[in-house]
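According to TrEMBL, the active site, proton donor annotation covers Y52. What TrEMBL lists as substrate binding site is H112. Here TrEMBL flags 17-286 as domain 'NADP-dependent oxidoreductase'. What TrEMBL records for K81 is site 'Lowers pKa of active site Tyr'.
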Amino acid sequence: MRSNEVRLNCGITVPLIGLGTYSFNNDRETTEQAIHVALKMGYRHLDTAKIYGSEPAVGNALRLAIEDESIRREDVFVTSKLWSADHHDPVSALKQTLRNLGMEYVDMYLVHWPVKLKPWACYAVPKEEDFEQLDLESTWAGMEKCLDMGLCRCIGVSNFSSKKVERLLEFASVPPAVNQVEMHPMWRQRKLREICADHKIHVSAYSPLGGPGNAWGSTAVVENPLIKSIALKHQATPAQVALNWGLSKGASVIVKSFNPDRLKENVASFDLKLDDEDLLEIDKLEERKMMRGEFLVNDTTSPYKTLEDLWDYEI
Ligand SMILES: NC(=O)c1ccc[n+]([C@@H]2O[C@H](COP(=O)([O-])OP(=O)(O)OC[C@H]3O[C@@H](n4cnc5c(N)ncnc54)[C@H](OP(=O)(O)O)[C@@H]3O)[C@@H](O)[C@H]2O)c1
């Protein structure tokens with residue numbers, strides 16, 4: 001039987017199915033209720049970020065489960081992320097995240113984007129004048145300090161291209177354990193997966209369903225005729241096929257649902273077994289990146305003048 005967790009290069013294990021907690025409305029009660037239901041169903045990996053505003057809901061739902069004695073803190077893997085306006089001081093940013101969560105540590109702390117913003121730019125879509133030059137060496141030194149201080153158990157990155165991962169490895173004392181990136185049957189990240197595997201960096205797939213319902217997302221994956229036909233063949237759902245595809249590539253999948261039926265459906269994707277021919281057919285699908293990051297590119301203050309600069313041509 002396939003293990004439901006994987007060991008990272010930092011020595012700890014991460015459950016392969018994670019619950020995403022980003023929602024545009026960010027209604028605390030709804031988020032908390034969904035996490036409560038998810039924990040009862042067996043989800044043991046929660047993904048949040050300062051910029052999602054969901055840290056208080058994650059912390060509170062987990063605190064209640066611990067008080068219930070249904071769960072121990074060490075049974076749940078919690079990821080949060082350094083927002084781009086906080087690159088100046090990752091230690092203070094993580095301390096704030098821990099206050100938001102009501103926790104003493106997070107399991108994983110990720111650099112959310114390879115982007116540095118002015119300290120006041122605490123909103124998801126930066127203004128044209130908000131950018132600074134990225135100084136990855138100093139940001140990463142701050143991340144390593146977070147680790148030294150025991151504020152997190154592991155550090156990693158998110159939205160890093162192969163080139164940026166390799167550049168980071170040139171000076172990192174501690175290599176990233178994870179690169180969390182968009183990945184689904186229509187954005188397969190083949191090259192990045194190979195580079196990360198070479199360096200023992202675990203790839204974690206965000207928007208594993210293509211983010212249907214999100215401003216940047218699409219139903220193209222869950223409504224894809226091939227994905228639907230594979231689902232039919234296995235008496236599964238398109239979402240289960242998409243999630244199992246990510247798992248079959250060795251990635252963890254960070255899927256968001258605040259709906260009890262879909263939470264159950266998504267966690268059951270683990271039991272599906274796609275055939276080799278299904279995987280080969282999926283490999284032929286047209287690729288389409290949903291989260292393109294146009295809002296991080298401009299001609300003036302952003303170091304990225306084009307999308308090709310931002311993703312180093314992996315777009
Ligand atoms: N590192 C980054 O930069 C980054 C970027 C984006 C996302 N993320 C993380 O990844 C998580 C997941 O990504 P995401 O929210 O963009 O996309 P996603 O998980 O691919 O899709 C979520 C959407 O799909 C719906 N859904 C969930 N299960 C479904 C199913 N079985 N069938 C049909 N629809 C289903 C959800 O609605 P319901 O809630 O109504 O079920 C929601 O609208 C985020 O919440 C966040 O934690 C990270």
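Start at 1 and count along the chain as shown; that gives each residue its number.
Note that Cβ sites are derived from N, Cα and C of the backbone, with glycine treated the same way.
Neighbour counts were taken as the number of other C-beta atoms within 10 angstroms of each residue's C-beta; across the recorded positions K81, H112, the minimum falls on H112. The two recorded residues Y52 (active site, proton donor) and K81 (site 'Lowers pKa of active site Tyr') have their Cα atoms spaced 10 Å from each other.
Residue environment of Y52 (active site, proton donor) contains 23 other Cβ atoms, counted within 10 Å of its Cβ in all protein chains.
In this structure the C-alpha atoms belonging to H112 (substrate binding site) and K81 (site 'Lowers pKa of active site Tyr') are separated by 5 Å. Y52 (active site, proton donor) falls within a helical segment according to DSSP.
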